[in-house]
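Engineer: Structure in structure tokens, see below.
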Amino acid sequence: MARGGGAAGVSMAHLLGIALVVLVVAAMAQVARGGGGGHDYRMALSKSILYFEAQRSGVLPGSQRIAWRANSGLTDGKANGVDLVGGYYDAGDNVKFGLPMAFTVTMMAWSVIEYGEEMAAAGELDHAVEAIKWGTDYFAKAHPEPNVLYAEVGDGDSDHNCWQRPEDMTTSRQAYRLDPQNPGSDLAGETAAAMAAASLVFRSSNPGYANQLLQHSKQLFDFADKYRGRYDNSITVARNYYGSFSGYGDELLWASAWLYQATDDRRYLDYLANNADALGGTGWSINQFGWDVKYPGVQILAAKGYRRKADFFACSCLGKDAADNVGRTPGGMLYHQRWNNIQFVTSASFLLAVYSDHLAGAAVRCSGGGGAAAGAAELLAFAKSQVDYILGSNPRGTSYMVGYGAVYPRQAHHRGSSIASIRASPSFVSCREGYASWYGRRGGNPNLLDGAVVGGPDEHDDFADERNNYEQTEAATYNNAPLMGILARLAAGHGARTRGRLGQSLQHGIAANHTSLPHGANHQHIASPVEIEQKATASWRKDGRTYHRYAVTVSNRSPAGGKTVEELHIGIGKLYGPVWGLEKAARYGYVLPSWIPSLPAGESAAFVYVHAAPLADVWVTGYKLV
């Protein structure tokens, strides 16, 4: 029902026209301000942390600020004889997925470790620490025994068939666990990393709690390392939602790095060095960092040991690598994929900011453009440009943070936000009623998902603010977790810091103990043992175009009796035709055929491709040496 007042004699169309002009002008003004550093980073920081309160499961505290939420998931774990009440829902659904939740907490903790002083200056440190503790309290419950970890509550299949508020849930709340018979080194390792990183956050303010977290972390790491396996092979219902495509090697290295940070125990430093080859730390050069793949995080956290790999990540984001650069939209946003691309934008921006602060005057060495280099200021400026894009400095003038700016998504793909609050409308909403009455409802969501960072635009900077457009309008906790760190950095100013806090204990340990990583991970001039050679083997004319057949040989140049290359991933760019002799990986490029599981020292494999173009760019994305 329309409400009148103060507009007698003025048509509704005229009023709507005025409102539209105001919105457009405001959006244009925001773009102009953002391009010159005019964004309110402190406000964005506050909202980025506030969002986590909308994702809470369990009994909400008296300090809860998102008032449209209420208690939920109060019987989680009961059927399994364990208390699993609490934790976070990952995105717009009502499932508690362990892998993205653990990564979220690790990144929140790293954000506070790195930029806690800046958060305190903005008045947000207490809120950030509270958000971390909400996750670690849950993980402590989910780890009732040294070799048991509850990995998930609920399942994506039943949940995605239902559109319900979390307070009304009638979907399965089955809990899935990892144990020696059902291992999950990736998830146990990531949870160990989260607990170790969080222990650093609480070390001064709550040392007893920090010690408790550290004990959980050590046990989880030992469990992950002793009983090896991918968690989605043990919990298959997770595979279609959060499959562990990168395997578990990155999480084991990631956990050992954080445990060394938290304990100064030489055991974890030695583990990092001794397993760098076998677990892929020296072999993987990848420009994605997120809930699945942690290699760039390890390589930047331990930059003194992995300098060449850390530089690769930075150069690839900046567009200064010789072959494997991250794509960009016309408006300048880093672009990896259609579905929730912004997760990689926020994580990359955080890593670049942290690395820039660590460099302290040194330069990143890049392989493109005749030995191109980039200084700390360039890294931070690029990271800032990505944050500004998210906040509205983009061709659409749209902020992709809900509640920030004049124009932002109003139809986030989120069950709780899109259905009337249970406080305002306590009547039960069933699965079918949610879809029938709320999912397809026109207009904005009734509850503001304040601070949520949605999946964002496509490769052309286009975005459709529609609830059923989950690839673009669904937010996730792991989008926000790294963003809160760089927002704190930017809220404090854009100038250089005298010294970054990046992995100080780890960097000191590498230097003091003269720890070196195999195969020269720290030296730009030492090549990978995997060598790629290409040559044209045939050419022909067809339909006015000249086609070429190229043969590619991939060789393990390790000396006789040396290590074997396993889990080899190959990247190919500027390819305009078919490939024979490789299989498309689920993620991260191509792999050798299943009948060639490894390349022993001195051996080679070959594949071919055909297209009407010069040589494609072919590179090694990653491998393990065993």
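The backbone N, Cα and C atoms fix where each Cβ goes, and this holds for glycine too.
Okay, so TrEMBL annotates it like this:
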- 1-34: signal peptide (SIGNAL)
- His413: active site (ACT_SITE)
- Asp465: active site (ACT_SITE)
- Glu474: active site (ACT_SITE)
- 530-612: domain 'Carbohydrate binding' (DOMAIN)
Engineer: Could you check the active-site residues Asp465, Glu474 and say which one's CB has the most other CB atoms within 10 Å?
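Structural biologist: Sorting the candidates by Cβ neighbours within 10 Å, the top entry is Glu474.
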Engineer: I need the CA-to-CA distance for His413 (active site) versus Glu474 (active site), whole Å please.
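Structural biologist: Rounded to the nearest whole number, the Cα-Cα distance is 5 Å.
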Engineer: Quick one: mean pLDDT on the domain 'Carbohydrate binding' (530-612)?
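Structural biologist: Average per-residue pLDDT within the domain 'Carbohydrate binding' (530-612): 94.
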Engineer: In whole Å, how far does the CA atom of Glu474 (active site) lie from that of Asp465 (active site)?
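Structural biologist: On Cα coordinates alone, these residues lie 10 Å apart.
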Engineer: What is the number of other Cβ atoms found within 10 Å of the Cβ of His413 (active site)?
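Structural biologist: There are 25 such Cβ atoms around His413 (active site).
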